[in-house]
Amino acid sequence: MRGDSNSPTNHTRKRRYLLQGKKWDKTELTWALRKSSRHTSRLDSGTIRQQFTTALQLWEKVSALKFTEVQKEAKNIDIYVDFMKGTHGDGYSFDGKGRKLAHAFYPGGGIGGDVHFDDDDHFVQHHLREDGKTSLLITAAHELGHSLGLSHSDAPKALMAPFYQDFGDEFELPQDDRYAIQTTPTPNDQHTTSQTTPTPNDHHTTSQTTPTPTYTKHPPS
Ligand SMILES: [Ca+2]
Ligand SMILES: [Zn+2]
Ligand SMILES: [Zn+2]
C-alpha cells in the first residue's frame, strides 16, 4: 500500500500519522504508577502522577477515552507506569543517561498499554525543562499515544514524531496527533452485550510483548 511508485512525491497527503491497528475494546481505562523513580533528587511520586494526569487529559480532551487512576494493587489495570533502569525484564533494555527515554506497549492485555521510563534519564516537570532536561509531560503524552494505539508520525512537529523535541510552555496536542486519535477506531457502543462478554485479552499472548520504538532524545547521526 505504501511505496506506490506511481506517486513518489505526494505533497498533498494530509494524514501523516500512522495508526498501529491495535485498539482498546473499551473507552474507560485505568492506570497506576507502579514503580516510581528511585532518584532521590528527582521527581517524587506526586509530581509524576500529576504530570501523567495532565498528559492523559490532553488525550481525553480530543477523544472518547476516559482515564481513571487506581491504586497499583488494583486488579486488571490497563496502563501501568514504571521507571526502570537498563535491562528490566521485557527484553528491551534502557541505556543509561541520554538517548533512550521511554517506550510503551500497544493496547492489549498483560504488558499491553504499559509505559516504561528510563530512570537514568533526568525528567522534570514541563515548566522546569531546560537544556539537557527532559519534560516528563511531553514524554508521558508521547508514550500514552502508543498506549492508545498510535505509531510514530512523520509530521516533524507532531507529538508522535519519533524524536523528543521541545514544545512551548502551554502544550496542547498538535493537530496531527488530534487527527490520529480521532481516527483510531473506537469500540462499537454495544453496551448491552459488553457486560456479559468476557474480555478477550485476559491471558498473555506473545504478540503483545513487542514495545513501540523507543522514544529517543537525538536522531541517529
Ligand atoms: Ca537513556
Ligand atoms: Zn520496558
Ligand atoms: Zn514513540
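Here the Cβ of each residue, glycine as well, is placed from N, Cα and C on the backbone.
A TrEMBL annotation is a machine prediction, not a hand-curated record.
As the structure is a computational prediction, the values presented were derived from the model and not from experiment.
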From the candidates H116, H122, give the one listed by TrEMBL for the same Zn(2+) 1 site as H88, D90, H103.
-> H116
Taking TrEMBL at its word that G112, D114 bind Ca(2+) 2, choose the one of D78, D154, D166, D169 listed for that site.
-> D78
Among D118, D131, find me the residue TrEMBL lists at the same Ca(2+) 3 site as D95, G96.
-> D118
Return the members of D90, D119, H142, E143 (the recorded positions) with CB less than 6 angstroms from at least one atom of ligand 1, or none.
-> none
Between the Cα atoms of G112 (Ca(2+) 2 binding site) and D90 (Zn(2+) 1 binding site), find the distance and write it as a whole number of Å.
-> 12
Among recorded positions D90, D95, G96, G112, H116, E143, close to ligand 2 by Cβ (under 6 Å) are D90, H116
Between G96, G112, which of the binding-site residues has the fewest other CB atoms within 10 angstroms in the structure shown?
-> G96
